[in-house]
């Protein structure tokens with residue numbers, strides 16, 4: 001889990017645009033971020049299995 005200070009730091013508007021980076025809205029993880037949902041892969045998978053994200057289904061072919 002990300003430290004609270006890092007979450008707050010990422011949420012503040014940056015002085016320069018290139019310094020901004022994405023973090024998961026739930027856990028604050030900076031890696032494996034999915035822009036479309038605003039979540040990291042761990043939180044996305046958890047919420048998808050619980051049915052909390054509308055329109056998401058497990059792939060089967």
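Using the three backbone atoms N, Cα and C, a Cβ is placed for every residue, glycine included.
These numbers come from a predicted model, not from an experiment.
As recorded in Swiss-Prot:
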type: BINDING; residues: 24, 27, 40, 43; note: Zn(2+) binding site
Query raised in the report: Neighbourhood of the Zn(2+) site (24, 27, 40, 43): other residues with Cβ within 8 Å of the Cβ centroid, in order?
Result: 23, 25, 26, 28, 29, 33, 39, 41, 42, 44
Requested in this report: Would you please pick out, from the binding-site residues 27, 40, 43, the one with the fewest other Cβ atoms within 10 Å of its Cβ?
Outcome: 27
Query raised in the report: Just how many other Cβ atoms lie inside 10 Å of the Cβ on residue 24 (Zn(2+) binding site)?
Result: 22
